[in-house]
């Protein structure tokens with residue numbers, strides 16, 4: 001089986017076309033149905049270590065799940081300074097079970113979209129066409145409703161640095177929103193606040209020196225092929 005080719009771009013390639021190519025590549029790696037997690041991702045690792053892991057994913061070309069796709073998406077969009085990236089996590093309920101899923105939020109030219117990996121086509125890629133963050137979240141809620149899932153919680157992180165050698169950690173949950181307890185208006189206000197916070201981070205980042213970087217050194221993070229993902233049980237969580 002031929003290995004998927006990492007997308008390369010001409011300077012003239014438009015950003016929406018680049019994002020589609022990255023999503024195509026992610027999809028070609030295929031969803032990992034094996035029950036064995038090939039790459040161990042520790043969310044508290046510095047960004048530089050997670051980018052080493054993304055390079056390893058590309059080398060190994062093994063099937064991935066949603067969290068690995070987020071790390072890969074960050075790596076493949078690092079060279080696009082006009083594209084801001086941030087994690088969005090979902091908790092849903094279906095038939096007594098809870099499910100967790102994560103995608104990479106994209107903010108480009110005043111529009112929101114996502115990159116990611118899922119067993120369902122409409123729970124990963126959303127082109128950057130949503131005018132506001134609430135439009136994007138409601139788009140996911142609609143996609144979940146189509147597969148009879150009730151959206152319970154949404155966690156949204158901060159913008160991720162474009163510096164692949166940054167020793168910063170990703171802020172995974174700057175805002176935690178209980179969808180069932182918030183009215184639509186309250187949800188809209190919370191998401192507007194979050195959007196302002198993200199914009200403020202960009203302004204602050206532009207006024208400060210670049211984030212600390214580490215000396216380049218080989219970081220061994222080979223696939224943990226023997227590590228099993230937890231099997232779903234009633235009431236347990238499972239990733240989509």
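Each residue, glycine too, has its Cβ placed from N, Cα and C.
Any TrEMBL annotation is an automated prediction that lacks curation.
Per TrEMBL, the feature active site maps to 66, 101, 118. The annotation region 'Disordered' is assigned in TrEMBL to 198-240. The compositional bias 'Basic and acidic residues' feature in TrEMBL is assigned to 213-222.
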(request) State the three-class DSSP label for residue 101 (active site), counting H, G and I as helix, E and B as strand, and everything else as coil. (result) strand
(message) Can you tell me the CA-to-CA distance separating residue 101 (active site) and residue 118 (active site), as a whole number of Å?
(response) 8
(message) I'm trying to understand the geometry here, so how far is the Cα atom of residue 66 (active site) from the Cα atom of residue 118 (active site), in Å to the nearest whole number?
(response) 6
(message) For a quick check of packing: other C-beta atoms within 10 Å of the C-beta of residue 66 (active site), how many?
(response) 23
(request) Going by DSSP, give the three-state secondary structure for residue 118 (active site). (result) coil
